[in-house]
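Trainee: Residues or ranges marked as ADP binding site in Swiss-Prot (evidence: sequence analysis): Thr11, Arg15, Thr264, Gly307, Gly408, Asn412. The sn-glycerol 3-phosphate binding site annotation in Swiss-Prot covers Thr11, Arg81, Glu82, Tyr133, Asp242. Feature annotation from Swiss-Prot assigns ATP binding site to Thr11, Thr12, Ser13, Thr264, Gly307, Gln311, Gly408. The glycerol binding site annotation in Swiss-Prot covers Arg81, Glu82, Tyr133, Asp242, Gln243.
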Amino acid sequence: MSYLLALDQGTTSSRAIIFDEKGQIHATAQRETRIKTPNSGWVEQDANEIWSSQIAVIQQALASAHILAKDIKALGLTNQRETTVVWDKRTGKALAPAIIWQDRRAAQWCNTLIENGMLVQVQQKTGLRIDPYFSAGKLVWLLENIAGFRILAEQGHAAFGTIDSWLVWNLTQGAEHIIEASNASRTMLMNLSTQMWDEDLLNKFNIPAAILPKIISSDAYVADTAQGLLGSTIPITGILGDQQAALFGQSCFEVGSAKNTYGTGCFMLFNTGDQLQFSQNQLLTTLAWQCQNQTRYALEGSVFMAGAIVQWLRDGLGLIQHSAQVEQLASQVQSTEGVVLVPAFTGLGAPHWDSEARALLCGMSRGTTKAHIARAALEAIAFQVSDVLCAMQSDLSRPLKELRVDGGASQNDMLMQFQADILNVPVLRPKMLESTAWGAAAMAGLKAGVFTNLDEIAASWQLDRTFEPKMKNDERESRLCEWSQALKRAKSNLI
């Protein structure tokens, strides 16, 4: 039996999962990581805590599975994207807190770029919108605000990276300073056409090239873990950003295949093959993966509020005590009776990108109950995904045959059925919902010879349930119209 170790470093926790070659889980370990918000719009984590939590769960998972590091065939890594870490190469110590992808402190810098007419240029080069979401603005802020950092960077003594870079640096005890291609594509610094750092953008952003890591393919043999770290060395042979890892783990290898991950937010990725497709509908173009000497691209739509809506029902309104109770509450009514929730608590993501939009709950009457609100909350998740898919299909002129789903909220049968109904597309839920971690493990296994091709990985994907569309066309159109009207009222230009 071949064991594969997946490291899944997310926004709220560090995890380690041990799989076999069939995708069966043999051990899981998890440790939460703290998030700090020292100022309005700032979101940070302790980079050293990220590393210490990750090494701790590796050791815990090995102990739980009753195996040794020498029994692991390969290590795969997946991570929260865009999050930015800088450190001193000489000491290996972080020079500042990790700036998390949700952080908005670079908003003014981004606005200045937009005012200077760089929006189209940045999209054509990187596939991304100018937004504080991406790493470039975070790095510029650090260079301008951390005392002595720019000098260290120009002297070649400082390093920048995303979370994959930081973990690999520590796993190899400073031997490797790299960034994997799908992660690099989220920095707003990599040219998607050349798959190299864009010198023109670096000059315009005043970022020293000496600070940047080497871009490597998703299936590169990076190095072995350092001697003495885990008892025996383990080859690091697969790295992917978390959403790209989920696309790979869902075996969405064919052009036109798509997955949607239901977590705190929603992230839909649509495989566009080896062709760069630049969106005309405010979606992101991203690198899906590089493996077996081939590059695959994707269109991505990011929705800010999904599982977070259920958390609001629990913590903000007190309608439920536990998130899992939302389906039971919502099922007490057959419809929302006209109640619509637009969950723009932090603005609207793709394809609207309206940071000033505000949440709206409308259509209520004296007969409205908490069950109607709970049902409207679940439907709001599906409506937002529908907006993303509509934009994707407009860009690609290609109908979606099926949508593969994962993430915690995909276990909600009511939500998945409504998602299928409102999309008019079958929704497929796999038996194993750890698609992100499995994607990293499978990529590592492909390089390590556990798998010889993508078909062998695809064979491990097993269906749990298909949710077929049941809603009549006129009802679907009516519901989408209700959503559209509520959305217009929530957007900033109408408040």
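Glycine too: its Cβ is placed from the backbone N, Cα and C atoms.
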Trainee: Could you list the residues of the same chain, at least six apart in sequence, whose Cβ is under 8 A from the Cβ of Arg81 (sn-glycerol 3-phosphate binding site)?
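Mentor: Listed in sequence order: Trp101, Thr162, Ile163, Ser182, Asn183, Arg186, Gly241, Asp242, Gln243.
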Trainee: In the same chain, outside Thr11, Arg81, Glu82, Tyr133, Asp242, whose C-beta lies within 8 angstroms of the Cβ mean position for the sn-glycerol 3-phosphate site?
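Mentor: For the sn-glycerol 3-phosphate site, the extra neighbours are Gln80, Thr83, Ile100, Trp101, Arg186, Gly241, Gln243.
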Trainee: On the Cα atoms of Thr11, Thr12, Ser13, Thr264, Gly307, Gln311, Gly408, which are listed as binding ATP, what is the maximum pairwise distance in Å?
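Mentor: Binding-site diameter by Cα atoms for ATP: 17 Å.
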Trainee: Give me the CA-CA distance between Glu82 (sn-glycerol 3-phosphate binding site) and Thr264 (ADP binding site), in Å, as a whole number.
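Mentor: Distance between the two Cα atoms comes out at 16 Å.
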Trainee: Sorry to bug you, but what's the C-alpha spacing from Ser13 (ATP binding site) to Tyr133 (sn-glycerol 3-phosphate binding site), rounded to the closest Å?
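Mentor: About 20 Å separate the Cα atoms of these two residues.
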Trainee: Near the glycerol site, what residues other than Arg81, Glu82, Tyr133, Asp242, Gln243 in the same chain have a C-beta no further than 8 Å from the centroid of the listed C-beta atoms?
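Mentor: Apart from the listed residues, the neighbours are Gln80, Thr83, Trp101, Arg186, Gly241, Phe267.
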Trainee: Cβ distance under 8 Å to Gln311 (ATP binding site), same chain, sequence separation 6 or more: which residues?
Mentor: Thr264, Ser323
Trainee: Expressed to the nearest Å, what is the distance separating Asn412 (ADP binding site) and Thr12 (ATP binding site) at their Cα atoms?
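Mentor: Between the Cα atoms of Asn412 (ADP binding site) and Thr12 (ATP binding site), the distance comes to 21 Å.
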Trainee: What does the structure give for the C-alpha distance between Ser13 (ATP binding site) and Gly408 (ADP binding site)? Integer Å is fine.
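Mentor: So the alpha carbons of Ser13 (ATP binding site) and Gly408 (ADP binding site) sit roughly 14 Å from each other.
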Trainee: CB neighbours of Thr264 (ADP binding site) within 10 A?
Mentor: 20
Trainee: For the glycerol site as recorded (Arg81, Glu82, Tyr133, Asp242, Gln243), determine the largest distance between any two Cα atoms, in Å, rounded to the nearest integer.
Mentor: 15
Trainee: Should Ser13 (ATP binding site) be counted as helix, strand, or coil on the basis of DSSP?
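Mentor: Assignment for Ser13 (ATP binding site) reads strand.
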